[in-house]
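Some features that TrEMBL has for this protein:
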- 106-132: transmembrane segment (TRANSMEM)
- 152-176: transmembrane segment (TRANSMEM)
- 183-204: transmembrane segment (TRANSMEM)
- 243-268: transmembrane segment (TRANSMEM)
- 342-362: transmembrane segment (TRANSMEM)
- 368-389: transmembrane segment (TRANSMEM)
- 426-447: transmembrane segment (TRANSMEM)
- 517-537: transmembrane segment (TRANSMEM)
- 558-581: transmembrane segment (TRANSMEM)
- 593-611: transmembrane segment (TRANSMEM)
Amino acid sequence: MPPGWTMLSSQGSIKGKHRVIYPVLQNLISRTWKDFSTKNPATCLPLPHHVHTPLGARIRTRGGGRKRTKSSSIFYLPHRIWPPRPSVAAAAAATTKMGLEMEAMAASIGVSVPVLRFLLCFVATIPTGLLWRAVPGATGRHLYAGLTGAALSYLSFGATSNLLFVGPMVLGYLAMLLFRRHAGLITFLGAFGFLIACPLNPLMSYANFEKRALTCFVLITSHVAYMSGDAWKEGGIDATVKIAYPVIVSFHNLICLCNAGALMVLTLKVISCAINYSDGILKEEGLREAQKKYRLTKLPSLIEYFGYCLCCGSHFAGPVYEMKDYLEWTERKGVSGLHHLCVGYAIFCLFLMFGNLLQIWASPTPSPLLPTLRAIVQAGVCMGLYLYLSPKFPLSRFSEPLYYEWGFWHRLFYQYMSGFTARWKYYFIWSVSEAAIIISGLGFTGWSESSPPKAKWDRAKNVDILGVELAGSSVQLPLVWNIQVSTWLRYYVYERLIQKGKKPGFLQLLGTQTVSAIWHGLYPGYIIFFVQSALMINGSRVIYRWQQAVSNSVLHSILAFLNFAYTLLVLNYSCIGFQVLSFKETLASYQSVYYVGTIVPIVCVLLGKVIKPARKPKAQKAE
């Protein structure tokens, strides 16, 4: 150990609350310095003689020789306090046991301890959402929503992780407060700029980060590089968490990479809130239905804004929702006030979960028990399928010679199975988020028109699994995949790119997909995927128009099947770029199947210019 790291302490300083802390810290610092000096021999300095002097002996100082007794303030070494006293040993043993249990649990599911901690906090959003029902008063619920989200983020990513969210939150609120007319545009550009450029070194590897940490250079890694980027590609969540725990520097948690997903969700929230507040000064004439529905005429208070931004149910992975919906939910207004939850049911649920809580405030939503259980079971099935399939269809296969030795149909099948496997990871995440939003009551959107009426939880739903896997048309995919983000893109990008009096076209679609690509991260694979998806949707529209134009039922069925096969082929071909990310690997995987997923959409679009189906008369359309 270097001389500056030895602890100056009195004999009594290791008593009381410091009895556990000091030995553990001293042992940790000793091991850390040992690792550091091994990697950097030049920096390992010899220790002064007085550091090795036994406790209570004569110690040489700069001012001359001087006696110090046991009771005086002296330097001490780890061997003087380790092994610790019995109570200290018991506490350390308990900590070690807990760590071993976490390690065993993490090893059993094939992840690291940090990943397990994240998953536990992520699943904890479900009981946290249920407890929201017991919080009295709108202000209390706003505070509870924000504080629980911040607390779970702290437990998952570290003490300073929440500082990451301050930038876009402050930017959005100041824009609404000072520049209402242009608040939406300012927040849009600023929040996306922060999302992209908040890190200083977007392509820094783990090894480089460690070297800079050892030389006390703390460089911030980026959303651009690691949100579903190289670290995810190399090992899912686990690879990103490795970067969150380097050896010496601890305050790098400021930009914990797992927080990138939460930052992405927060970006959409603050932008929609600012745009809706700007829409509040516009006249209703000429506004679209979504603008009329979600416009804000009054500036939300800081507490309301805080709760909306960090609400625990959607903080980690969405879904995205509107400020107006959040306010109505928190203040128990709107459709949420039509029916009341049985108090006995809530008490029963809390009794099962926490045992000691015997009271809860009634919540103004229908019983969420069955929808929540369905979402939890769905999450378990999705995780099981992903864990089963991912070893059989690894992403690394695309860079192996074996893959290129296969025939065309084998490679095409592997591309399909690779995309199919990867989607179950997202299904799991969104199912857990759905359960948390449903059980909190925020997901309730009214009642169906069926007889008897059934409760709808559309605000919580982020994916329709069967709708994705059995999509009859590529046009349907944005309606069933990442539903709330797709809705956000439609309201705040696609519809606002359409000029009044004109129909939307390919340019509006391409602009929307480009914004989506930037939101995910500036990787070539993302850009290629979203441009490819714009082609895919446009080609599917051509087939659909042909399908609607024919009157022969057999030909209609053939075209419907062709549209289904087209969607299956192009979707799983395109999503390889979303997974491998690099330009070289993306093109190599596309080339391995002769760019079939790119050529087919282009051919369909060109044929649509030549073979134009006859338009049906307006009277026939009305029928």
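Here the Cβ of each residue, glycine as well, is placed from N, Cα and C on the backbone.
From a predicted model like this one, the values you see are computed outputs, not experimental measurements.
Contact between the transmembrane segment (106-132) and the transmembrane segment (558-581) is not supported, since fewer than 3 Cβ pairs fall under 8 Å when only residues 6 or more apart in sequence are counted. Between the transmembrane segment (558-581) and the stretches 368-389, 517-537, 593-611, Cβ pairs under 8 Å are most numerous for 517-537.
With pairs at least 6 apart in sequence, the transmembrane segment (593-611) and the transmembrane segment (517-537) have 3 or more Cβ pairs within the 8 Å limit; the two touch. Sequence-remote contacts of a segment are chain residues at least 6 beyond its ends whose Cβ falls under 8 Å from one of its Cβ atoms, and for the transmembrane segment (368-389) they are 109-110, 126, 341, 345, 349, 417, 420-421, 424-425, 427-428, 431-432, 434-435, 438-439, 441, 443-444, 455, 457, 460, 465.
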